[in-house]
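**Student:** My questions will all concern the structure given below.
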Amino acid sequence: MNIMIALIPALLWGTVPLIITKFGGSTRQQTMGMTLGALTFAVIVFFFTDPVYTLKTVGISFITGCLWTVGQMFQLQAFKIIGVSKAMPISTGMQLVGTTLCGVILFHEWDTTLRIILGFIALALIVGGIFLTSYAEKEEDGTNALKQGLITLFISACGYVGLVVLIQGFKIDGINAILPQAIGMVISALIMTHSGGTEKRFNKRTLLLTIPGVIWAAGNVAMVHANQLVGVATGFSLSQLGVVISTIGGIILLKEKKTQKEMLFVIVGVVLVVLGGILIGVAKGA
């Protein structure tokens, strides 16, 4: 039963890119909708929990919210450039490599021979998976788009990795972070989406896009609960399975075109990224 609960974050987070893309809208509208949805959920959670706020908790959580918006906005741009089925495995892989290396360098997480061996195998699998999922059979069909997408996803990963490093480095409790983090998300989204488009940031579509924001925030709370039930290492590993839903869903539901060879490479690449993520979780608990 605990494992089933621990799979909820992967299920929720895996569907978010599909729902956002299906709902459409500009990157600005999607970013505002997501952050407003997350804030709405955070306010509701506030009344059903007993968070403890300190200046450090509020300040660091607010900054992580700003970093999340950077990560999310650039990831949304990548969806439009190279598609969900290609962007999600690459994005997940970059985040895994980034958080793992920061964990090793800053927090000395690989302190045994076994962890070092498992960690390097995991990184090799993830990097291999990224290369496979980014493969394009016909180079003229999107080499420039892929380069642009990779740069965009790298910036996105920096935002997400920075978030994780701050939360871990300052030992911020998940429940305590939710509301100030969501406030940081909305304020930074308002600033980042202020210019860069002619369409309205707030309309009916923006309201509709709060739904995936609520779903993401629910996955965040579920992750906090899952970590308490099965441990951080197992919870982290299981959360990586969301990329399978996003990738397969992008191909089937969003009808993103792939050649037979590209499809094979994407599937194998996703498997490698997931295995790498699981191995990192094993290394954390070893």
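Keep in mind that glycine also has a Cβ here, set from the backbone N, Cα and C atoms.
What Swiss-Prot shows for this protein is this:
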type	residues	note
TRANSMEM	4-26	transmembrane segment
TRANSMEM	33-55	transmembrane segment
TRANSMEM	114-136	transmembrane segment
TRANSMEM	149-167	transmembrane segment
TRANSMEM	177-194	transmembrane segment
TRANSMEM	207-226	transmembrane segment
TRANSMEM	230-252	transmembrane segment
TRANSMEM	264-283	transmembrane segment
**Student:** What parts of the chain pack near the transmembrane segment (114-136), using Cβ distances under 8 Å and only residues at least 6 beyond its ends?
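**Tutor:** Residues 86, 89-90, 93-94, 96-97, 100, 104, 142-143, 146, 150, 247, 261-262, 265-266, 268-273, 275-277, 279-280, 282-284, 286 contact the transmembrane segment (114-136) from elsewhere in the chain.
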**Student:** Is the count of Cβ pairs under 8 Å between the transmembrane segment (207-226) and the transmembrane segment (4-26), pairs 6 or more apart in sequence, 3 or more?
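**Tutor:** Between the transmembrane segment (207-226) and the transmembrane segment (4-26), contact is present.
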**Student:** Among 149-167, 230-252, 264-283, which stretch has the highest count of C-beta pairs below 8 Å with the transmembrane segment (4-26)?
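**Tutor:** Stretch with maximum Cβ contacts: 230-252.
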**Student:** Taking pairs 6 or more apart in sequence, does the count of Cβ pairs under 8 Å between the transmembrane segment (33-55) and the transmembrane segment (230-252) hit 3 or more?
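**Tutor:** Touching, no - the transmembrane segment (33-55) and the transmembrane segment (230-252) miss the threshold of 3 or more Cβ pairs under 8 Å.
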**Student:** For the transmembrane segment (149-167), could you work out the same-chain residues 6 or more beyond its ends whose Cβ comes under 8 Å from its Cβ atoms?
**Tutor:** 60, 63-64, 67-75, 77-78, 81-82, 86-87, 90-91, 94-95, 98-99, 102, 106, 134, 177
